[in-house]
Amino acid sequence: MTTSQEMLARRLKLPNTNSPLTIPQIHLGLYMLPPRQTAATVTAALSAGYRGFDSAQWYNNEREAGGAIKAYLSSHPSLSRSDVFYTTKLRDNSTSYEGVRVSVAKSIDACELGYVDLFLLHSPLGGQEARLTSYRALSSFLPSGQIRALGVSNFGVRHLDELVSFIDSHNNSTPPPEFPLPLPSVNQIEIHPFNTQLPIRAACERHGLLLEAYAPLARGMRFGHPVLKEVSARYKCTEAQVLVRWSIQHGFVTLPKSARTERLVANADVGGFEISDEDMKRLDGLDEGLVTDWDPTDAP
């Protein structure tokens, strides 16, 4: 049996990086977590063993999240900055290269952690030129180490193909660029049994990207579904734990969200069972294209 602490310590290799990096497979998502609650929630999660945190400019809690991590590390000398993986995201893509750099620098300063482990474009919105300019601006922070890895979020198949093609053209231009662009390490999208995102998953596999699953619990919208109830009863666990386990067994980095300590702990307590192949197929078959919040994966 694998304990929740061991599950939270489990890391996956982060692809497309200049140096070997790993990422915790279970993160705490900080979406819609009010700033006034963020520090206490992050501290409780760290105490429970969480080492991955997912913030964003849009969430308005970067300063509080980073401050809580910094304070916790200061009071726990056995831990170092490299033990915690911090992600944030650029809210607005822009055709202004310098404008993006200013925005990114503010996020790096706000968290007060010295560097951001993973910085994502939050969406493909804004159009092709804005997406590509923003990605190029993000990459300019890699040589200094202020950002360790790049990624995207809510990118559809067309956006991924477009970005990979742009990177290939940039890196093979004449004369060669001083700083080649890396492929993104991850694409963070909504994935759960009720929205399995097969075409995007196939594109990520084709391009060598790791998938991060946000809203892995489908925001509770399908709790009580007969198949979920049956599977959770079979494994003597909660429906939320089934969904987290499903995500893990598919090899995703999963980002369950909760502000309640008992649920933080329970969501990670998924090492005591393994969903059978038959039950995984049943869960896979629940796909209905459920979107629990927004879906810019088809943005122009």
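Every residue gets a Cβ built from N, Cα and C, even glycine.
Here is what TrEMBL says about this protein:
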{"type": "ACT_SITE", "residues": "Y59", "note": "active site, proton donor"}
{"type": "BINDING", "residues": "H122", "note": "substrate binding site"}
{"type": "DOMAIN", "residues": "34-287", "note": "domain 'NADP-dependent oxidoreductase'"}
{"type": "SITE", "residues": "K89", "note": "site 'Lowers pKa of active site Tyr'"}
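When Cβ atoms from all protein chains are considered, those within 10 Å of H122 (substrate binding site) total 21, not counting its own. Following the DSSP three-state reduction, the secondary structure of K89 (site 'Lowers pKa of active site Tyr') is strand. For the domain 'NADP-dependent oxidoreductase' (34-287), the predicted model reports an average pLDDT of 98.
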